[in-house]
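Peer 1: Pasting the feature list from TrEMBL:
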type	residues	note
DOMAIN	5-137	domain 'MARVEL'
TRANSMEM	6-29	transmembrane segment
TRANSMEM	41-59	transmembrane segment
TRANSMEM	79-100	transmembrane segment
TRANSMEM	107-127	transmembrane segment
TRANSMEM	139-162	transmembrane segment
DOMAIN	142-278	domain 'MARVEL'
TRANSMEM	174-196	transmembrane segment
TRANSMEM	211-232	transmembrane segment
TRANSMEM	253-272	transmembrane segment
Amino acid sequence: VNLRALTSWVGIARLLAVVLSCLTFSLVASTGHFEGPYGTWCMFTWCFCFAVTLLVLLLELLELYPLLPLSWDDFTSAFSMLAALMVFTSSVVFPATFISSPCSGSLCARQAVATAASCLCFLAYAVEVSLTRAKPGDISSFLSTVPGLLKVFEAYVACLIFSLLDEYNRESGLMWCVAVYSICFIFTLLIIIFTIGRCLTYIPCPLEKVLVGYNFLALLMYLTAMVLWPLYSFRGRSRPDPCHTDCWWNKHLGVTFLTIFNLIAYLVDLVYSTRMVFFRAP
């Protein structure tokens, strides 16, 4: 038994994440008010993060993780980053969707406490990400470096984009943007999976330089999507009145902002990857 898995700063952050995620989904479940796709997504997020974090703690406590055929450090780094992003999204979506104004009574109190617990859970995962992030110059665990964490961010933002896509078959420009999102997501996801599965060493080419080239191409592709998506989405079309949550205008505006976020992520990824590959300290 490795008690340090629970007493280290990383272990404490994981324990807090387990307790807070359990508290959050328990409170929301007690309200019975989490219907629809947004409520289902939030409940899945809290339950998924609770289950996987508890499993990580048990495997490290019993020192069973070396038996798994994967890179443990890469897996835990990628999961903590993914969990932080998922819980942050749920912490925003849940109160915006289910807490109405004016808010009073037992139902509102439980929803408010659940929202606060979800925000604290996000902070716990964010602390874990900062504690496990690789030091400058250390590339032994790729997904714990800044480019590796950005890969998880890029894949997650692409998933959010897919959840908002609709009415893109009418314009060739919009179809090109969807192709950009899909191609970049697939390649980024493969990089994450191959890294966790220790398969990158079997690729017969200088992998670091390939990743730099991929980041450059992805940056160019997202640059075209950043221009074409709003151009073809809003050209000759005004915002409907009223425009509810599922309104096409709101969804297309969300895709526009998420495209910009991923463009910035690929730019930062390219800068860090280039520095790691071509400007290594002696």
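Glycine too: its Cβ is placed from the backbone N, Cα and C atoms.
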Peer 1: Tally of helix, strand and coil residues over the domain 'MARVEL' (5-137) according to DSSP?
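Peer 2: In the domain 'MARVEL' (5-137), the DSSP-based counts are 110 helix, 0 strand, 23 coil.
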Peer 1: Residues of the same chain, at least six outside the transmembrane segment (107-127), with any C-beta under 8 angstroms of its C-beta?
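Peer 2: Answer is 9, 13-14, 16-17, 20-21, 23-24, 27-28, 30-31, 33, 46, 49, 80, 83-84, 87-88, 90-91, 94-95, 98-99.
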Peer 1: Can you give me the average pLDDT across the domain 'MARVEL' (5-137), rounded to a whole number?
Peer 2: 91
Peer 1: Over the span of the domain 'MARVEL' (142-278), count residues by DSSP class, listing helix, strand and coil in order.
Peer 2: 109 helix, 0 strand, 28 coil
